[in-house]
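**Student:** After the structure tokens below, expect a handful of questions from me.
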Amino acid sequence: MDLEIIGIIVLGVFLFGYIMVASIDFGAGFFNAYSTLTGKQHILTKVIQRYLSPVWEVTNVFLVFFFVGIVGFFPKTAYYYGSTLLVPASIAIILLAIRGSYYAFTIYGGLKHRRYTLLYGLTGLFIPASLSIVLVISEGGFVTMEHFGPALDYWTLFTSPLSWSIVVLSLTSVLYISAVFLTWYSRKAKDWGAVKLLRKYALGWSLPAIITAAGIIVEMRTHNPEHYDRLVDLWWMFALSVLLFAGTVYLLWKGIAYGLAFVLLTGQFALAFLAYGISHYPYLMYPYLTIYDSFTNEAMATSLVIAFIAGLGLLVPSLYLLLRLFLFNKEYVQGNRDDHV
Amino acid sequence: MGNEEAVFFSRVLTELTLSFHIIYATIGVGVPLMIMIAQWVGIKKQDEHYILLARRWTRGFVITVAVGVVTGTAIGLQLSLLWPNFMELAGNVIALPLFMETFAFFFEAIFLGIYLYTWDRFKNAKRHLLLLIPVALGASFSAIFITIVNAFMNAPQGFDLVKGQLVNVRPLVAMFNPAMPTKVAHVLVTAYMTSAFILAAIGAYRLLKGSNHTYHKKALFLTMKLGFVFSIATAIIGDFSGKYLAEYQPEKLAAAEWHFETGEGAPLILYGVLANDEVKYAIKIPYALSFLAHSSLYSSVIGLDQFPEEDIPPLYIHYLFDVMVTIGMWMVGLSVFYLLGMWLKWSFIEAKWFRWLIVLGGPLSIIAIEAGWWLAEVGRQPWILRGIMRTHEAATSSGQVDVMLWLFVGLYLILGIGSIIVLWRMFRKNPVERELADRAAEKAGDQKWILK
Ligand code: HDD
Ligand code: HEM
Ligand code: HEM
């Protein structure tokens with residue numbers, strides 16, 4: 001296999017990991033804030049905090065891994081994306097900072113403020129929106145080459161239906177993924193009030209999520225016909241993905257096997273992500289940047305892959321330990337133990 | 001916005017973010033080691049006080065780590081956003097340590113999560129201590145890797161430049177560049193030193209504010225001992241850093257020392273001001289610069305006359321150097337006096353003024369860190385990659401850097417003030433006397449319950 005392909009697969013795995021764990025985190029924050037507003041806080045807050053607090057830093061590292069990795073494997077992305085993303089990425093950084101500081105100040109530090117909780121919840125929607133701009137830009141048509149370098153055309157960006165549908169998709173999927181996961185989690189916690197509420201949210205967000213996803217494909221047709229054709233070629237992957245979606249909804253509807261429901265959901269998103277990725281190949285940014293002309297030299301690529309394999313050897317057992325102690329530990333999940341420092 | 005403005009604002013924003021991040025990063029690197037030592041001593045001596053010390057430090061530590069993570073994410077992205085040309089070039093040669101750094105983060109973040117939420121979960125206390133080892137290792141290794149990147153910027157190697165193209169890249173050679181050993185060692189040791197003195201300052205402050213609990217005395221003694229060891233190491237490795245500069249970046253050393261003319265038996269200039277190209281009010285130590293640079297009183301030291309005007313870094317770095325070295329020497333002296341005083345039972349170390357000096361040592365160490373980084377970074381100017389790429393060639397062409405700068409100023413204000421308020425409240429609200437009493441009551445309760 002080409003080193004280019006290995007590189008993009010490594011990054012894809014971590015990007016997908018980030019999308020899943022961050023969606024859970026973002027959505028949970030939003031539900032938490034929403035329940036504060038509607039006076040249902042007692043139902044959700046505990047479950048959410050018990051899950052999120054020990055893992056939020058790990059979530060953040062997934063993102064860091066992705067953006068450091070992409071500059072490592074594809075240094076030219078620093079030039080194209082770095083020059084154009086200053087404003088959207090800076091906004092995302094600031095929103096991420098508000099989120100991180102919520103954990104620092106409120107959960108660890110005990111500084112409680114209703115307004116802060118709401119702000120934290122809102123960042124759960126704005127961060128995916130601002131990060132999804134990167135996907136929009138990668139479709140081409142928003143970056144022009146000026147004499148001083150690449151520049152982002154904001155007007156086109158804000159008036160394009162494609163951008164808005166990608167933004168909306170990011171929001172609906174965040175809420176959907178998060179609700180499904182938390183339904184399962186609160187079931188493990190035997191917190192029946194939370195299960196009931198979250199299952200309702202999950203079912204409620206399932207349809208919007210799938211509709212907006214389909215909407216993107218329609219938008220792509222006019223915006224980037226080349227990409228659209230390649231997407232359509234992969235119709236069977238999307239069909240499978242929809243099948244998995246139906247499975248998740250069925251299980252939720254019946255109120256059984258929430259664990260399996262989440263597994264199916266992961267499969268659904270993984271398939272869609274993979275199909276999207278394959279159809280995007282070989283472009284990193286239409287039409288300027290492909291994974292081949294932006295790739296680093298062979299020596300660096302080889303050493304990065306070796307470092308990656310060695311790193312995984314360290315990481316996988318540690319992640320397993322983390323999950324065992326918090327996600328799959330009955331005593332902890334059910335709140336019988338609180339050994340916080 | 002013209003390119004010059006974009007360069008200017010990119011500089012200011014980078015300086016701001018890094019200067020802010022480094023405060024939290026330094027604490028993040030040093031404090032886990034201190035916690036580990038305290039917990040280990042506690043387990044060894046079966047002394048509840050040290051365990052509680054570790055526990056209370058950890059509570060403050062999580063807050064600084066969280067802000068470190070947030071600001072670190074900011075700088076990580078900003079490097080690509082503000083210096084796209086540099087990252088494109090550097091990505092080809094020095095991406096390896098940056099990439100490995102993220103694994104160190106991962107490792108640290110995972111075990112920190114576990115460590116925080118498993119106090120009292122293990123019957124065998126040593127097991128819990130074991131969980132801290134990856135945290136401390138992860139933190140120190142993230143410092144090592146990022147400092148390697150910075151060392152590369154000072155002494156780039158491991159590639160050939162042919163017609164503006166990088167060829168024949170050797171990632172490991174790039175990592176093990178000549179700047180790396182002294183830089184990594186100095187950064188690590190100063191982080192440990194600073195953390196020890198910050199924790200000592202907290203203990204001393206408590207003793208000043210009326211608490212006379214042995215807990216604080218033990219804390220102070222432990223941290224001052226550690227501070228002593230690391231400040232001595234800092235001075236020694238600092239001396240090696242000077243020797244490195246003399247060999248590989250003579251223009252930086254010459255600018256920092258106001259050494260204008262190349263010559264043998266060069267004197268060391270301390271303090272003073274520069275007015276109309278003339279050094280005034282300085283202390284001159286004969287032959288000391290030659291000794292600092294080459295360990296020999298008569299050796300020749302390259303002066304600024306050997307460099308073209310446009311390659312000379314700003315001369316104000318001399319003041320930064322003075323600040324750093326003065327604080328370094330002062331802290332060595334302070335900790336020596338404290339330890340001697342403890343040993344020989346001098347009474348002044350319990351005096352108010354002496355304790356205030358220890359309190360002051362915490363912020364002073366942070367100032368030394370800032371001064372040191374500014375010296376190192378401004379002293380590299382006008383280069384971003386010494387000898388290869390100038391800073392103004394590296395910057396973004398984006399027109400909105402100034403607006404972003406103001407946004408980040410606001411953000412750091414909030415983060416800075418927020419973390420001070422939260423730490424202060426934590427510290428005030430739960431004095432150690434109360435926590436010790438609570439824990440004793442809890443233990444007694446446990447015992448009763450078991451007996452029943
Ligand atoms: C607590 C902080 C602290 C203290 C007390 C000192 N330093 Fe330092 N110094 C640093 C913190 C620091 C630093 C922040 O860690 C720097 C910035 C970049 C680097 O490599 O380390 C640094 C850089 C730095 C450099 C520049 C290296 C370069 O640019 O490559 C030199 C020559 C010294 N130091 C020398 C000394 C000497 C002779 C000291 C005498 C006691 C000293 N430092 C104390
Ligand atoms: C954390 C401690 C650090 C601090 C406080 C710091 C501070 C600074 C300062 C003050 C400058 C500005 C010099 C000038 O413009 O005159 C600068 C330049 C720069 N530093 Fe560092 N630096 C640190 C570490 C690093 C590291 C580890 C890297 C690389 C990974 C880095 C990347 C840069 C870049 C890209 C510039 C060029 C921009 C400029 O000249 O302003 N810095 N830094
Ligand atoms: C020499 C100066 C620096 C030191 C000693 C240092 C050290 C640290 C430490 C200890 C942390 C906390 C990590 C954690 O708890 O997970 C951290 C966070 C971080 N630093 Fe720095 N750092 C320095 C400069 C930089 C620079 C120049 C960059 C940019 C490439 C950077 C990127 C980051 C990132 C991305 C994080 C967040 C990691 C996470 O999400 O966990 N740091 N740094």
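Cβ coordinates are placed from backbone N, Cα and C, and glycine is handled just like the others.
Any TrEMBL annotation is an automated prediction that lacks curation.
From TrEMBL, here are the annotated features:
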- B:20-41: transmembrane segment (TRANSMEM)
- B:61-82: transmembrane segment (TRANSMEM)
- B:94-117: transmembrane segment (TRANSMEM)
- B:129-153: transmembrane segment (TRANSMEM)
- B:184-207: transmembrane segment (TRANSMEM)
- B:219-238: transmembrane segment (TRANSMEM)
- B:316-341: transmembrane segment (TRANSMEM)
- B:353-376: transmembrane segment (TRANSMEM)
- B:403-424: transmembrane segment (TRANSMEM)
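I'd like these features described in context: how deep, what's nearby, how far apart.
**Tutor:** If one looks beyond the transmembrane segment (B:129-153) by at least 6 residues along the same chain, the residues whose Cβ comes under 8 Å of a Cβ in the stretch are 25, 28-29, 32-33, 35-36, 39-40, 43, 90, 93-94, 97-98, 100-101, 104-112, 114-115, 118, 174-175, 177, 179-180, 183-184, 187-188, 191, 376, 380, 383-386.
For the transmembrane segment (B:219-238), same-chain residues at least 6 beyond its ends with a Cβ under 8 Å from one of its own Cβ atoms are 34, 37-38, 41, 50, 53, 182, 185-186, 189-190, 192-193, 196-197, 199-200, 202-204, 207, 324-325, 328-329, 331-332, 335-336, 338-339, 342, 358, 361.
Proximity of distant same-chain residues to the transmembrane segment (B:316-341), defined by a Cβ-Cβ separation under 8 Å and at least 6 residues beyond the stretch ends, is recorded for 193, 197, 224-225, 227-228, 231-232, 234-235, 238, 252, 255-258, 269-272, 274, 348-349, 354, 357-358, 361, 364-365, 367-368, 371-372, 374-375, 378-379.
Remote same-chain partners of the transmembrane segment (B:353-376), defined as residues 6 or more beyond its termini with a Cβ less than 8 Å from a stretch Cβ, comprise 18-19, 22-23, 26, 150, 154, 183, 186, 190-191, 193-194, 197-202, 204-205, 207-208, 220, 224, 227, 256, 317, 320-321, 323-324, 327-328, 330-331, 334, 337-338.
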**Student:** Under 8 angstroms for C-beta pairs, at least 3 of them, ignoring pairs fewer than 6 apart in sequence. Is the transmembrane segment (B:20-41) in contact with the transmembrane segment (B:184-207) by that rule?
**Tutor:** yes
